[in-house]
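Here Swiss-Prot flags 452 as heme binding site. The annotation N-linked glycosylation site is assigned in Swiss-Prot to 118, 421, 434 on the grounds of sequence analysis. What Swiss-Prot records for 1-19 is signal peptide, and it gives sequence analysis as the kind of evidence.
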């Protein structure tokens, strides 16, 4: 008997392993047929039906859209054309790839509805499903009222001085501490921007949300970051985490969720009480949000998830924007030199207010560098899904009411004929382009009235830290970086793994 089991068990295991691809294929075919029946795409007689991807078990194209989105977007566009439909889990998403299509669809975006749980399933909903950025209609207006003043352009301008100070402090302390130096190359440092610079925007936003942070609060927030990052990777991987039955299986995603939520709620409540005691101005956003929850205006989940969205959900987003800005300048010496001259000229004024206003302006070469990086390296390959309340025709194709639509950011920002030599880094292009045309031909904060709430603060953070780096260092790609555009493994936003060399400006002059 024992001998028989010794033979039988390995054979059964091998059979299951061999049968898995067949089982996945069968599931894919059956579910694809069901979804096409459930979500038909009508078309006029004599016109071509909209191209549709085949559903593949278990996430459709949902996981590929995040982890392999940039290459997938090009392949899908070449295969299916300028408008096509994919599956995010069991949810259909229509992809628009031209600015003309996007303008047509987003013309009435104030009436659009954000996709439930971002079309990413149950676990996503538990993490960010009711944050302000994913609410719609009256719920969106109700929660947005609690935070919009704190992120407005006038309020953002009040933070510029703090952001400049934090940038200088961060470079002086954190950059040097996390760099590689030697006695022979004193002052010359080697860093990986995506790892070294990530906590500057993170701590800057945390200070706006919670007020001046104590050393203990800083430690708590930065310690929570890896846990939150692992949790979101489980969200993107999908599978069982897409289903509301996931808690029954005690998956890794569920365990991480429970651990994070417990610590996050405790931190937010403690931070609220600490902020009330400090009574600082401007008033930290946590006070208004927590008091709105206590008054019953918003729920505790809406409060906690909106704070999470502003801080942790944007950690990889801001890190992506900052690190690619630095790397593109490291690759383009002429632009770097021009920017350094502009920054030094702005610093010549004795009044600190004038330098802060320089950071605020959107007509500088610094602002153009930030824009060009955002154009060339979109943070996400596709926008978040949303739907219109009525049927719409785009380029002859019918988009049925309440069908979610996403935008191929790479197609609009780079491959779009509007951008002459679109694959090349050229910040000066923005000085000769009409601002209205740029808005319609570049996907960054979204189209229409529902744009990213934090864009004004985000712009100032990027400009403050990039200006400070270029003022202090001549940067270049490190010789030991294997690939210039190598990416971190498992990064859902395409964080670069490239290292740079930073030579103090004075030392560079001496060498020359």
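Any Cβ shown, glycine's included, is placed from N, Cα and C.
Contacts of residue 118 (N-linked glycosylation site) defined by a Cβ separation under 8 A and a same-chain sequence distance of 6+ are given as 124, 128, 129, 134, 384, 385, in order along the sequence. Most Cβ neighbours within 10 Å, among the recorded positions 421, 452: 452 holds that distinction in the structure as shown. The two recorded residues, residue 421 (N-linked glycosylation site) and residue 434 (N-linked glycosylation site), have Cα atoms 17 Å apart.
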